[in-house]
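Enquirer: The following feature annotations were taken from TrEMBL:
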{"type": "SIGNAL", "residues": "1-20", "note": "signal peptide"}
{"type": "DISULFID", "residues": "CYS30-CYS36", "note": "disulfide bond"}
{"type": "DISULFID", "residues": "CYS353-CYS382", "note": "disulfide bond"}
{"type": "DISULFID", "residues": "CYS432-CYS454", "note": "disulfide bond"}
{"type": "TRANSMEM", "residues": "588-609", "note": "transmembrane segment"}
{"type": "DOMAIN", "residues": "639-782", "note": "domain 'TIR'"}
Amino acid sequence: MPRALWTAWVWAVIILSTEGASHQASSLSCDPTGVCDGHSRSLNSIPSGLTDGVKSLDLSNNEITYVSNRDLQRCVNLKTLRLGANEIHTVEEDSFFHLRNLEYLDLSYNRLSNLSSSWFRSLYVLKFLNLLGNVYKTLGETSLFSHLPNLRTLKVGNSNSFTEIHEKDFTGLIFLEELEISAQNLQIYVPKSLKSIQNISHLILHLKQPVLLVDILVDIVSSLDCLELRDTNLHTFHFSEASISEMNTSVKKLIFRNVQFTDESFVEVVKLFNYVSGILEVEFDDCTHDGIGDFRALSLDRIRHLGNVETLTIRKLHIPQFFLFHDLSSIYPLTGKVKRVTIENSKVFLVPCLLSQHLKSLEYLDLSENLMSEETLKNSACKDAWPFLQTLVLRQNRLKSLEKTGELLLTLENLNNLDISKNNFLSMPETCRWPGKMKQLNLSSTRVHSLTQCLPQTLEILDVSNNNLDSFSLILPQLKELYISRNKLKTLPDASFLPVLSVMRISRNIINTFSKEQLDSFQQLKTLEAGGNNFICSCDFLSFTQGQQALGRVLVDWPTEYRCDSPSHVRGQRVQDARLSLSECHRAAVVSAACCALFLLLLLTGVLCHRFHGLWYMKMMWAWLQAKRKPRKAPRRDICYDAFVSYSEQDSYWVENLMVQELEHFNPPFKLCLHKRDFIPGKWIIDNIIDSIEKSHKTIFVLSENFVKSEWCKYELDFSHFRLFDENNDAAILILLEPIDKKAIPQRFCKLRKIMNTKTYLEWPVDETQQEGFWLNLRAAIRS
């Protein structure tokens, strides 16, 4: 048994066979690597019988209420423990004492009212700790985290009862990558409570009111990189210049998520930007501005700029009194230093020309998911607007004319990257005008069905994914990257049109094959993504793809996304795993082999027919079929001859000069049927033979060496063999003209040989004295 299977079996036995815990243990699903999943299983306690084989244990979203010091004592190799979303109200002191390898602990959203530092005293390597959503009011009487030197992510607090932060709470923590504090109802913040943490990369604060916000900022402004404020009403926020004495702050980014502003509080925030000098990036996400944008009566005129802010991001901005909103001209002068602006999904339909002209340092502008149209874009991209703008994103707006859009942007002389995806252009004109430095263009999801010379020849990156294109025949001499997935292309583009192409993503089309020659024709191609197409797994295609070991370095989605669509017996299989039969891959060779085999078979059949007289049997079968159409025995009135004489031409003298004279000139005379005299001219000779035999009372065979060698004698003997011998009568008279070895008679005439062995035949005597008796016996035989 393989080692992995043996380990899995032993593990299953250990877990499932524990007495008294069979039901709960069976609710866990564990793999051989020690990852156990028991979330959402309605468990009311931690399953017993857990061993040191468990490395990850997920018991979240259950009904567990109690954690004892025996539940996890054997899980000494446990690294991840998820106990979130349970009903845990008690954790015994040493419950986690043996988990010295634990790196991730989630106790969020339980019913813990008191936290104990003894829980964490042996968790030296713990990196992640989540205590959110419990019912405690404080973080305990002693420092909880002094024994966690490697902690990097900490989440504490709740939305209701957590009201106090004290100086001891975060003692012992030196560096945190992320600290999240949920304190919507915070009432007490003891100064320097967060100052003990020397460096915090990202601090997330959930505060309902900003009463203590400035106090917190004072403590963290020199140790924090990014501050994120969530779910806060800043209507009463006031920033005092004297609040922050340190000018060299470390805060580089401010994020306001689901925060409410007024005109007054917005001005206070702008002041903050000026005095916290290190802020480079500000983000407003899903915020609400409860005002009308009238900043003229406020002290905004004393603020000359937004500090050092270079990046401004606004997403889902709500302005309830939008139709009363002022033109914001009073804040235009503050925007001169901003380099990157993103305003997404905020119902923006116009950027006033005057504002565009004030954005003199702007290099990047993203107005995605708004209401911009050609008419408003004309005003926004006016003369002297955005003079240094390099990237413009107008994704998912209301643009309809590609030609007009290009012309309106001619004022942006430095524009090199334009994203106008998810607009409804539908068609593309033959020619367009674009800014002279255009290098990147995104036309994905614009419903265009063909590409024309409208596209600028200076492009280096082109994205036309998710359209209705069925071909690509543009010559773009500088294009380096082409994104053309989710279209209807049947083949790869012609490499001669794209001489410097290095990246091509052409997945989810209807391409059924590509060859080594096609790939080699793209001399600079380094990355190709062509999965998700309807590949015909022909022998050539499989030979190429399976035989190229280095193919995976070019095909970034190889082999998982490359599957066969046909032939039907390999449909759905990965191209890498598909196998075709020898007959499918070497059809010409198989046909040639079959033809050779058929030729050999025919040759062998010919040899066997010659050796075993197969031709004779075929002739006899035909004759037999012809004879079957006639009556089995001719009526008496149809008998015309006393005997049909079958003889060899070399024996004609004896027949014609002796037999005929003795029989036809006898009294009464016998009437003989001779082929020379009585066969009907023009009638098929075989029919003559059959009719003559059937119209004769007897058939006389004049046997000799010449007879055996004669072809026509064989026919006559053959037909009599069928017609006469099969009736078991005595219609045949054999005359042995000369001695014949019976072995000379062919084996196929088995009944003739039998008759010669069992019945008397007439021998022509050499002695003339005995010849009269021969004729007498012959006449008697004919009359019988």
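Using the three backbone atoms N, Cα and C, a Cβ is placed for every residue, glycine included.
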Enquirer: Can you tell which of CYS36, CYS353, CYS382, CYS432 has the most other C-beta atoms within 10 Å, given these are the disulfide-bonded residues?
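Expert: Highest number of other Cβ atoms within 10 Å: CYS36.
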Enquirer: For CYS30, CYS454, listed as disulfide-bonded residues, tell me which one has the smallest number of other Cβ atoms within 10 Å.
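Expert: Taking CYS30, CYS454 as the disulfide-bonded residues, the minimal 10 Å Cβ count falls on CYS454.
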Enquirer: Please report the Cα separation of CYS432 (disulfide bond) and CYS382 (disulfide bond) in Å, rounded to an integer.
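Expert: Pair distance, Cα basis, whole Å: 19 Å.
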Enquirer: Rounded to a whole number, how many Å is the Cα of CYS30 (disulfide bond) away from the Cα of CYS454 (disulfide bond)?
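Expert: Given the Cα positions, CYS30 (disulfide bond) is 59 Å from CYS454 (disulfide bond).
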Enquirer: Taking the Cα atoms as reference points, how far is CYS353 (disulfide bond) from CYS36 (disulfide bond) in Å?
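Expert: Computed Cα spacing between CYS353 (disulfide bond) and CYS36 (disulfide bond) is 60 Å.
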Enquirer: Can you tell me how far the Cα of CYS382 (disulfide bond) sits from the Cα of CYS454 (disulfide bond), in Å?
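Expert: Checking the Cα atoms of CYS382 (disulfide bond) and CYS454 (disulfide bond) gives a distance of 23 Å.
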Enquirer: Please work out the mean pLDDT for the residues of the domain 'TIR' (639-782).
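Expert: In the predicted model, the domain 'TIR' (639-782) has a mean pLDDT of 78.
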Enquirer: Rounded to an integer, what is the Cα-Cα distance in Å between CYS36 (disulfide bond) and CYS454 (disulfide bond)?
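Expert: Pair distance, Cα basis, whole Å: 58 Å.
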